[in-house]
Amino acid sequence: MRIILLGAPGAGKGTQAQFLMEKYGIPQISTGDMLRAAIKAGTALGLQAKAVMDAGQLVSDELIINLVKERVTLEDCKNGFLLDGFPRTIPQADAMKEAGINVDFVLEFDVPDEEIVKRMSGRRVHAGSGRVYHVVFNPPKEEGKDDVTGEALSIRADDEETTVRKRLDIYHQQTEPLVGYYKKEAELGNTRYSKIDGTQQVAEISKQLAVLLG
């Protein structure tokens with residue numbers, strides 16, 4: 001079961017990734033984790049990546065693809081894997097295909113921008129404990145204060161509305177074209193593509209995914 005998750009930041013991919021990992025016994029492959037692990041292990045690719053990053057440059061698609069190729073051969077990937085946050089662009093998707101990394105399912109989590117802004121900009125955090133609230137969906141007992149300590153809640157920089165909108169713009173420009181790419185791949189019989197309504201309840205989405213993936 002080799003799965004790619006697509007969708008804007010805040011569309012609920014992370015929550016469902018946890019469900020899919022547990023249900024199918026597959027690891028989530030994150031390019032950031034992969035880079036850190038390769039650098040820590042001192043592999044040939046890790047050393048290449050470290051040199052590039054130390055020079056303050058971006059790691060090339062080719063290097064990332066080679067890391068993915070190496071990662072999917074490990075024992076924990078024998079039943080499949082879950083890719084979230086990669087590929088981000090069509091050249092990356094093409095490179096993956098050329099490298100022979102095939103995918104069984106591409107799942108797009110569809111949530112309107114305004115709903116994502118509401119979800120993310122409404123988050124409030126208690127810095128000391130990491131407890132997370134939401135002004136609409138999970139409000140604290142007293143506005144702006146942590147339930148346990150009574151201390152003030154704050155907004156993470158990532159959750160500021162302007163930041164959220166910037167991240168959405170990048171997603172629409174860079175990553176959304178992959179939706180069309182994978183729809184076409186599905187028409188050619190190379191993968192299966194499904195669009196999920198990400199505005200539904202978490203449990204409902206999990207139930208749909210279980211039916212869809214079997």
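The backbone N, Cα and C atoms fix where each Cβ goes, and this holds for glycine too.
Here is what Swiss-Prot records for this protein:
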BINDING   G10, A11, G12, K13, G14, T15, R123, V132, Y133, Q200  ATP binding site
REGION    30-59  region 'NMP'
BINDING   T31, R36, Q57, L58, V59, G85, F86, P87, R88, Q92, R156, R167  AMP binding site
REGION    122-159  region 'LID'
Looking at the binding-site residues R88, R123, R156, which sits with the largest number of other Cβ atoms within 10 Å of its Cβ?
R123
For the binding-site residues listed here (T31, Q57), which one has the lowest count of neighbouring CB atoms within 10 Å of its own CB?
Q57
For G10 (ATP binding site), the one of T31, Q57, V59, F86 that lies nearest, given that the binding-site residues are compared by Cα:
F86
If you measure C-alpha to C-alpha, which of T31, Q57, V59, R88, R156 (binding-site residues) come within 10 angstroms of R123 (ATP binding site)?
R156
Nearest to T31 (AMP binding site) by Cα distance: which of the binding-site residues G12, G14, Y133 is it?
G14
If you measure from the Cα of V59 (AMP binding site), which of the binding-site residues G12, G14, Y133 is the nearest?
G14
What whole-number Å value do you get for the CA-CA distance of R88 (AMP binding site) and G14 (ATP binding site)?
16
Nonlocal neighbours by CB distance (under 8 Å) for G12 (ATP binding site), same chain, sequence gap 6 or more:
F109, V111, G198, V202, I205
What mean pLDDT does the predicted model reach across the region 'LID' (122-159)?
94
Relative to the Cα of G14 (ATP binding site), which of the binding-site residues Q57, F86, R156 has the closest Cα?
F86
What does the structure give for the C-alpha distance between Q57 (AMP binding site) and Y133 (ATP binding site)? Integer Å is fine.
36
Is it possible to list how many residues within the region 'NMP' (30-59) are helical, extended or coil according to DSSP?
22 helix, 0 strand, 8 coil
Can you tell me whether DSSP puts G10 (ATP binding site) in helix, strand or coil?
coil
A 10 Å Cβ contact count, applied to the binding-site residues G10, G14: which residue has the minimum?
G14
